[in-house]
Amino acid sequence: MVAELTEFQKKRLENIKRNNDLLKKLQLQGTANKIKREAGVDTVSRHEERLKKKKKIVNAKKQSEKEASPKTAMPTRRSRRLMGQQVKNEEGIPNVSDTQLLKMNRNKELEDLKDIKETAVIGDVKLSDLIKTEEGSNEDELLAKFKQFANKNFSSGDFFDIIKKRQKETENDSDLTKMQEDFDLHMYDVFQPNEIKITNERITSMFFHPSTDKKLIVGGDTSGTVGLWNVRDEPLAENGEDDLVEPDITKVKFFTKNVGKIECFPTDTSTLLITSYDGSIRTLGLKDLKSADIMTLRNSYEEPLGISDCQFSYDNSQVLFLTTLGGEFTQLDLRAKPTETKFWRLSDKKIGSMAINPQRPYEIATGSLDRTLRIWDVRKTVETPEWSQYEDYHSHEIVSTFDSRLSVSAVSYSPTDGTLVCNGYDDTIRLFDVNGELPEDLDEKNKTVLKHNCQSGRWTSILKARFKPDQNVFAIANMGRAIDIYNSSGQQLAHLTTATVPAVLGWHPLKNWIAGGNSSGKVFLFTDELNTSK
């Protein structure tokens, strides 16, 4: 039973009702809560507080259940790289990204090929072991191909007897017109020059075999590859039978750097001598197609010395004169077993060219990167040369010197009239009269100066003037895409145009034939024979 309200309680309820009605009329019902919010007083209701407390209790209970459940121990991940540890790869898979792994697989063959290219041929080898065709190597076929160049008719001094006879002839022919007619040469046309690629890279040396019945041109390039072109003189059939015939070219890689010089032995023209910038000296026999390793030129520290030029002595056909990329000079007797080599210093920088005076075989001329042309007497030794900054080797006596404005690229002697030609980066060709006693300043013996663009640049081999072995005529490539031929007086005899720059030249020693090699390994051949028709 509910107790009745007292008068005081009734009066209190009436006051509350009256106050609420008044607030409604004044629209101030939410003012108190608003004032609390502005004052920062918590206005959360007790109901809401109870809900929050209940939620906390439930979460705490769940957390305690999780901690009570058994947990599997997991290792903490750490970076071995940051810890400085080496990762052991037991499966042999490189620790690289997928993209890098694909690149590695793609370039593996190229890297293997590069390693092979950088590996030099050591010891005596057969060409058939180094040359592989689609059908494999065929030694009998290779021997048959070069058999005619191994004929004994071209050995035992016969070749040099012919040249000696030509050298003794007095050249009284002053008819310039006749000489120009003799060197009005025709370009070989059985194959086009862009088909005659005898090497893979830029040609650095050329050699024309002295055989007159059949032409053989040998070239070397910057990669150490030697190419032999067995020239076809017969025209191609017009009925289409020879449409698929290609130039007969054999390539073999002997060295790891530039092929510096290719020559044949004076007493046996069936054997070639080849030198390289990697210091190697090898022979190549055309009879058996075997290559013998003569030696690798090294200094006292067993470091290989790149061979820049070489020539057989006129006094002894078994002695080889050599110059190096470091400015050294030496003489090698090829009959003796390789022993410690004795060097003389002729320059503090690279010797780019060397030539022996045929009238005085004890005199040699050198053209160097130090901007000098010097003539030396190799019979006399100077212990401490004043001009050199080095004290490692003795030197020879200087006979005469010409100081050039820029480096001297080439030197070459005429066979009979005592003319020395040199050219260099000063865009000139200079002819000197070296007959008789020479003054200290070779410029006093200057015969003539020809303007010529000799600056070949990076992608073209250095242009070098070279005298023909049996005539007082020299040739030099032209940056205007031609071969220029002059006599020893500086009169121009021919201007043989080509499609590209035939930077490296090779004269035939007996015939008016000349070949030039360009920067892509291709050859331009000019002869005095009438062109054949395809």
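Placement of Cβ uses the backbone N, Cα and C atoms for every residue, glycine included.
Annotated features in Swiss-Prot:
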COMPBIAS  39-51  compositional bias 'Basic and acidic residues'
REGION    39-80  region 'Disordered'
REPEAT    198-239  repeat 'WD 1'
REPEAT    254-294  repeat 'WD 2'
REPEAT    346-386  repeat 'WD 3'
REPEAT    403-442  repeat 'WD 4'
REPEAT    457-496  repeat 'WD 5'
REPEAT    498-534  repeat 'WD 6'
With DSSP, how much of the repeat 'WD 5' (457-496) is helix, how much strand and how much coil, in residues? 0 helix, 19 strand, 21 coil
Should anything in the same chain at least six residues away from the repeat 'WD 1' (198-239) have a Cβ under 8 Å from its Cβ atoms, list it; otherwise answer none. 117, 120, 145-146, 148-149, 151, 154, 159, 188, 190-191, 245, 247-264, 269, 272, 274, 276, 278, 284, 459-461, 503-511, 513-523, 525, 529, 532-534
What else in the chain is close to the repeat 'WD 3' (346-386), if you only count residues 6 or more beyond its ends and a Cβ gap under 8 Å? 167, 308-311, 313-315, 321, 323-329, 331, 394-413, 415-416, 418, 420, 422, 424, 434-435, 438, 442, 462, 464
In this predicted model, what is the average pLDDT of the repeat 'WD 5' (457-496)? 94
